[in-house]
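If you check Swiss-Prot, you get these features:
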- ASP82: active site, proton donor (ACT_SITE)
- HIS83, HIS180, HIS208: Zn(2+) binding site (BINDING)
- GLY181, GLY209, ALA210, SER211, ASN230, VAL231, ALA232, THR233: dihydroxyacetone phosphate binding site (BINDING)
Amino acid sequence: MYVVSTKQMLNNAQRGGYAVPAFNIHNLETMQVVVETAANLHAPVIIAGTPGTFTHAGTENLLALVSAMAKQYHHPLAIHLDHHTKFDDIAQKVRSGVRSVMIDASHLPFAQNISRVKEVVDFCHRFDVSVEAELGQLGGQEDDVQVNEADAFYTNPAQAREFAEATGIDSLAVAIGTAHGMYASAPALDFSRLENIRQWVNLPLVLHGASGLSTKDIQQTIKLGICKINVATELKNAFSQALKNYLTEHPEATDPRDYLQSAKSAMRDVVSKVIADCGCEGRA
């Protein structure tokens, strides 16, 4: 009842002029932080996991957790495959109950990207599963995939329209200057490119690599058509640093129920800020 597709979430965001944050989780504690915070703020959120996360935690386990927590908090949640590349892997998870997919073939030439994505779209739409794909490629590291900055490239607005029409995707991830990971200095986002893409494509647009972006930049991208904001590294960093600090200050600590609380609190602050930046509080 409460586990939903991202399609309606993002269409609502597009109409409402806000964005839905997609938070990458890794285990029970990180999922608790996202769901509890979202429920308290009545904010729509997407629970995202890379292939590595699904391998680590188990697809069935993650689906069961999302379903149980959605019912517990009476809060709609979507579980989303982030940066998945293999058709068979996606198909297996869709058959298990996942209803939102990102097929990432952005590393392929344009025509091959279209072909790979369309194969996934044709399969997923049979199950009423929403599909996101990426045109252009971000630098940085996501899971085990490292893209050098020299190999990253921005989304071509005219190609974006052709790509969307040829594949039948439900949302489009764009490359406008963000990167996976944290930034050594503030990135210069190509807002004019984003505005141009918006003129060519009427789908909800997605921004990856949002960890560490300023509130001003996030809100400007939303004004120009971004409907989904992906955050991963910033959550991991906050959680990990708080845990390290606690264990340094309390070397005698051995109970995870105690020492994980500070990590959850630090991550909760990040989740709350991103929800505020996205303007989605009270929109669930």
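Heads up, the Cβ atoms here are built off N, Cα and C, so glycines get one too.
Annotated pair THR233 (dihydroxyacetone phosphate binding site) and HIS83 (Zn(2+) binding site), C-alpha to C-alpha distance, rounded: 14 Å. In this structure, HIS208 (Zn(2+) binding site) belongs to neither helix nor strand by DSSP; it is coil.
The number of other Cβ atoms within 10 Å of the Cβ belonging to GLY209 (dihydroxyacetone phosphate binding site), over all protein chains shown, comes to 26. Of all the binding-site residues listed here (SER211, ASN230, THR233), the one with the fewest other CB atoms within 10 A of its own CB is THR233. Cβ contacts within 10 Å of HIS83 (Zn(2+) binding site), excluding its own Cβ and spanning all protein chains shown: 24.
Reduced to three states, the DSSP call for ASP82 (active site, proton donor) is strand. All protein chains included, ALA232 (dihydroxyacetone phosphate binding site) registers 26 other Cβ atoms within 10 Å of its own Cβ. DSSP gives ALA232 (dihydroxyacetone phosphate binding site) a coil state; it is part of no helix or strand.
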